[in-house]
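Novice: A single structure is presented below for examination.
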Amino acid sequence: MPRVVLNGVTVDFPFQPYPCQQEYMTKVLECLQKKVNGILESPTGTGKTLCLLCTTLAWREHLRDAVSSLKIAERVQGELFASRTLSSWRSAADANGDSIDCYTDIPKIIYASRTHSQLTQVIGELRNTSYRPKVCVLGSREQLCIHPEVKKQESNHMQISLCRKKVASRSCHFYNNVEEKSLEQELATPILDIEDLVKNGSKHKVCPYYLSRNLKQQADIIFMPYNYLLDAKSRKAHNIDLKGTVVIFDEAHNVEKICEESASFDLTPRDVASGLEVINQVLEEQARVAQHGELQQEFIIDTSSSGLNMELEDIAKLKMILLHLEEAIDAVQLPGDDRGVTKPGSYIFELFAEAQITFQTKGCILESLDQIIQHLTGRTGVFTNTAGLQKLMDIIQIVFSVDPLEGSPGSQVGLGSSHFYKVHIHPETSHRRAAQRSDAWSTTASRKQGKVLSYWCFSPSHSMRELVQQGVRTLILTSGTLAPLSSFALEMQIPFPVCLENPHIIDKNQLWVGVIPRGPDGVQLSSAYDKRFSEECLSSLGKALGNIARVVPHGLLVFFPSYPVMEKSLEFWQAQGMSKKVEALKPLFVEPRNKGSFSEVIDAYYQQVASPGSNGATFLAVCRGKASEGLDFSDMNGRGVIVTGLPYPPRMDPRVILKMQFLDEMKGRSRVGGQCLSGQEWYQQQASRAVNQAIGRVIRHRHDYGAIFLCDHRFAYADARAHLPSWVRPYLKVYDNFGRVIRDVAQFFRVAQKAMPLPVPQAVTSSVSEGEAAVKEATLSSHSLSTRKAMSLDVHVPSLRRRPVGLPTAGDSESSVCVEYEQQTFSAQKRPMGLLAALEYNEQKAGASEEQALSSSTPSLRCEKRLSVEQRGGKKKVRLVNHPEEPVAGTQAGRAKMFMVAVKQALSQANFDTFTQALQHYKSSDDFEALVASLTCLFAEDPKKHTLLKGFYQFVRPHHKQQFEDICFQLTGQRCSYQPGNSLPFGEQAQSTASKQGRRELESKLTLSEGADRQLDPGEHLNQGWPHLSTHLTSKGDTSNCPKVGCVGEKPGQPAVNDYLSDVHKALGSASCNQLTAALRAYKQDDDLDKVLAVVAALTTAKPEHLSLLQRFGMFIRRHHKPRFVQTCADLMGLPTIGKGLELPCPRDESTTVPSELTHEDMKPGPSTSKKPEKTQSKISSFLRQRPDQSARSDDTIMQLPPRLPPEHTTSQWNFVCPACATEDTVLFQCPSCDFCRCRACWQRQLQASRLCPACGAVNRKQSIAQVIWPKPQ
């Protein structure tokens, strides 16, 4: 490797460094040798990470060599070097006054970046150098722990507590192996990143977390996320000693934000209430122990191994402290406009003093809180969520972070540090309320609108000064977007004698930069508040994007100011058809809000760009988002970057307002005007730095090239251009005509593609590892589906998911993929009863129910299960099972059972216990708010659990269903198909539910054509209204001629329609008639059978005499919905099913009894006295009888429909008509799990094709089919 001598230090570099890289390394050495701080900006792609590593490690080796020479000189006492005195060797070892006499005095290097993924890239760069230092990378237990029980804990603080408990009791065998195996060559010598630590730890059965802490003691360079350094609590937890170290912050443009956030907090009513609930539990538990006497108390504490060593009085005092804190916050008067009130930072000490939290008491309070958390660690249940207590501990440590000097009052210390802070108290706007507490200790705060206590730090200098006070030798801040450096240094309030603003290493033909003030249609492009959502601006921006996508090859990045702007733009473009035009050129990928889906989407984008024959892809992201922070879009992955606006912070946000006010106050106090930023300058820099970070994605190395499009007219202003990076400004050009933009960009890429070498193709990492050939096909299928899902806009943009799931627009294949991906609920989940009653049953049976996942479920359910597993990439399998002796999927208990198994698979044991206790509380108290609070914590955070939250709708009590749907939509962007009829009590929704298998949900949709009421012919109408049904009954009893419930003709004539509406008006009144007419019109337009039936059922089932109106409404139901309408009518009217009593399914009279003609008249086969029904039914029957070869086809068709009411007996000689083939047989056979009936021949054909019942999905055998036994007619 080439060697470069800089400032007397020889640096081994992987290649001959460029001039800008030599300049950068020289500045780094200047900081190290002079023990001063530095701010170094070097554009992305200039190799600053490699320069930092090589320079600092070369400097350490130089010091080490000097110390070695000194040791040798001391040992031989100058005999071998008589001409050189010992003092000259010592001066060589002393770096500008440092007293370095031994190897331990050589400074350690602490390399900090924002995330572990960025640190992994840094460690990869280190492996490419010739240096092989001792390396350590620090991480959290969440990332490094391999103990199965600890990993199950949901929260980080619970993992910490349980880990500490196991370490203290020596019950973690991974920790017990650390001392023995930490010196093994494979663990101590190589350069390991976070993944290597976990892999080697699992291989050698040694704890990676404590192994890294051991390696830290001997490491030359330590890698860690920089919140470990900036947060005093984290520094203490990881035992980080900063004295004499060299600290490097890479990607330091985020340091300001992290400094402020690590020293700030927001205390919500939920946090206080959660802490009080936990203390309540401990208090009650210890009180019960005390009542059993001293001997019993010792026995219980010994068996539980809780380690709690607190008096009952101390626990009660701790609860009083929290209650007083809650009262003090609630007592603050707020203005009536919900803006909140702001007080100086010192007010926090007054507020906490009212709750007896002071410098003098903080130690005892923190120790007590820690003991309670340790006491509850590892427990399960609703009261074991100690996150509230942990947050209170963190808050107390932040407020009282600076201990007072001896003899000085604590208030003065507080005043000295609090001028960097503001206290802001504002109403809680979140709907996630804590459940009301009902004990005598509770205050009324939880029953009012809560107040949030915010303690915000507005100066990063508070944390930076604290860092320097730890004895740091040199502090280096570096990034690609720090400009302007002077203002950045002013914010930190510590001296930075060394500054550098480096140019780029690229030539002029590798970068094109243009400001585009107007779109192709001449409309001004602007992301200003008053224009960003205007249709003209959105349309012009969409047209500009489409034109740019035509000329930019391969990957195109589009950055929006915020998520709402991106989502609104996509919504408009999709409505106008613009997104389809762009997708035809380059498929669209959208940056998701949640971190879990991001890697999936970005991998799909990379593969789309790299796929052979592809025109590339478009990636839509937001400034300050995940895609703009250190992600690699080199070469083809990012040939163009479009910035659609200046991403200013929200101007009306209280924190932004107070930050600007704070800076203005600080500037006013400083007599020298240039020593502090003003609020407006800070506001401008926040936008410009976000833009600079986004455009830094385009050039990633020396031979990369690309174009930058600044699509906002405000980029043409001089002040906006002045805040762009120095390497961009020389290439910037403002265009007044969009056509010239396209011409120049096309010319630029033609030249660049000829001049620049082709990029080395990167091998696509296979998702199939060795030894997994057996599942390769499934993995590839999953990956393909995952890619399609990543391309679906609806998946990642909540505003595009507002239409009901299951109704994608015509031709929208991407939307159909979205629906396919998101429908992870099962058909059995959509029933409105049975979950609460099945809790105890589920607890007994769930453990043994994982072996029959697909054997007893319906085909559609099995298909949905397979899809859901594939679409999740095989990360977790949710297997829904039933035992033969258990209720099948169609029953209420079966549906509840399957839902509970899915929930148990998705949640940890602790969270599942919380779920069950919340349900039991809801069952006993009907407390809907408490239920929602629990469900939100369990299912709302993880998008993969949104389907479970939505599926819970079926079990919510009717009077809470509408509220639940609104909350579900707010949290997930999905609705629960609420209809007005869902709010009826269960008894009114279905009078015979207890005796039925369970109501089927009406899923299929139909369309009522325009003017249907005018197209119906009364002459051809089968059931001419209720009077016809009640007076013209069949005289011979032939069921082929007996009208079924709701089975009316296909074309009701205008007289029949008028008669029906007239009867509705007379029976229900004008208001109800208008409501029914409106529902029918809506049914004609939206094709939603659920909606119209909900309205009709609500209107016609209130009184028994109105049930005939429900039946007669069948004249408007189309043929393919007749079976479901029949079943719904039967359920609502309480008609018995087959085998449970016989009653003709015809409308009832005023007394709701069967007409006498049905029970006394001798019924024999024969034509009906009703002419039109006779003609219609006889044609159908004769058609079926004349074509026996079609019976199987007819049967197959009927088998796909839900089970309809069983046919009535036809003759006194026990003859019946099969509903499928319409042939007569002496006996019908019935499914043992439902009311599905067929003749022997039809059952034989069905069982040969499938053993699953077409109606309920139960597994049937020939021996299990039950013969239908009828009472002999009198």
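Positions of Cβ are set from backbone N, Cα and C atoms, glycine also.
Taken from Swiss-Prot, the feature ATP binding site applies to Ser42, Pro43, Thr44, Gly45, Thr46, Gly47, Lys48, Thr49, supported by sequence analysis. Here Swiss-Prot flags Cys145, Cys163, Cys172, Cys207 as [4Fe-4S] cluster binding site. Feature annotation from Swiss-Prot assigns compositional bias 'Basic and acidic residues' to 1186-1196. According to Swiss-Prot, the feature domain 'Helicase ATP-binding' maps to 7-296. Marked as region 'Disordered' by Swiss-Prot: 982-1002, 1014-1038, 1143-1198. Summarising the annotation, Swiss-Prot assigns motif 'Nuclear localization signal' to 151-167, 871-877 and lists sequence analysis as the type of evidence. Per Swiss-Prot, the feature motif 'DEAH box' maps to 250-253.
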Novice: Hey, how far is Cys163 ([4Fe-4S] cluster binding site) from Thr49 (ATP binding site), Cα to Cα, in Å?
Specialist: 35
Novice: Which state, by DSSP, holds Lys48 (ATP binding site): helix, strand or coil?
Specialist: helix
Novice: Which numbers of helix, strand and coil residues does DSSP report for the motif 'DEAH box' (250-253)?
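Specialist: The breakdown for the motif 'DEAH box' (250-253) reads 2 helix, 0 strand, 2 coil.
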Novice: Can you check what DSSP calls Cys163 ([4Fe-4S] cluster binding site), collapsed to helix, strand or coil?
Specialist: helix
Novice: From the centroid of the CB atoms of Ser42, Pro43, Thr44, Gly45, Thr46, Gly47, Lys48, Thr49, the recorded ATP site, which same-chain residues not already listed sit within 8 A by their CB, in sequence order?
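Specialist: Apart from Ser42, Pro43, Thr44, Gly45, Thr46, Gly47, Lys48, Thr49, the close residues are Cys51, Gly480, Asn502.
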Novice: Using a 10 Å cut-off, grab the number of neighbouring Cβ atoms around the Cβ of Pro43 (ATP binding site), all chains included.
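Specialist: A count of 23.
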Novice: Between C-alpha atoms, which of these binding-site residues comes nearest to Gly45 (ATP binding site): Cys145, Cys172, Cys207?
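Specialist: Result for Gly45 (ATP binding site): the nearest of the binding-site residues is Cys145.
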Novice: Please identify, from the binding-site residues Ser42, Thr44, Thr49, the residue with the sparsest Cβ neighbourhood, meaning fewest other Cβ atoms within 10 angstroms.
Specialist: Thr49
Novice: Return the residue, from the listed binding-site residues Cys145, Cys207, with the maximum count of other C-beta atoms within 10 angstroms of its C-beta.
Specialist: Cys207
Novice: From the Cα of Cys145 ([4Fe-4S] cluster binding site) across to the Cα of Gly47 (ATP binding site), what is the distance in angstrom?
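Specialist: The Cα atom of Gly47 (ATP binding site) is 33 Å away from the Cα atom of Cys145 ([4Fe-4S] cluster binding site).
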Novice: Would you list, in sequence order, the residues of this chain other than Cys145, Cys163, Cys172, Cys207 that have their CB within 8 A of the centroid of the site's CB atoms, where the site is the one recorded for [4Fe-4S] cluster?
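Specialist: Going along the sequence, the neighbours come out as Arg141, Ile146, His147, Val150, Lys166, Val167, Phe174, Tyr175, Tyr209, Tyr210.
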Novice: What's the CA to CA span in angstrom from Lys48 (ATP binding site) over to Cys145 ([4Fe-4S] cluster binding site)?
Specialist: 32
Novice: So for Gly47 (ATP binding site), how many other CB atoms are inside 10 Å of its CB?
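Specialist: There are 22 of them.
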Novice: Please report the distance from the Cα of Thr44 (ATP binding site) to the Cα of Cys145 ([4Fe-4S] cluster binding site), rounded to the nearest angstrom.
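Specialist: So the alpha carbons of Thr44 (ATP binding site) and Cys145 ([4Fe-4S] cluster binding site) sit roughly 34 Å from each other.
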Novice: Which of these binding-site residues is closest to Pro43 (ATP binding site) if you go by CA atoms: Cys145, Cys172, Cys207?
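Specialist: Smallest Cα separation from Pro43 (ATP binding site) among Cys145, Cys172, Cys207: Cys145.
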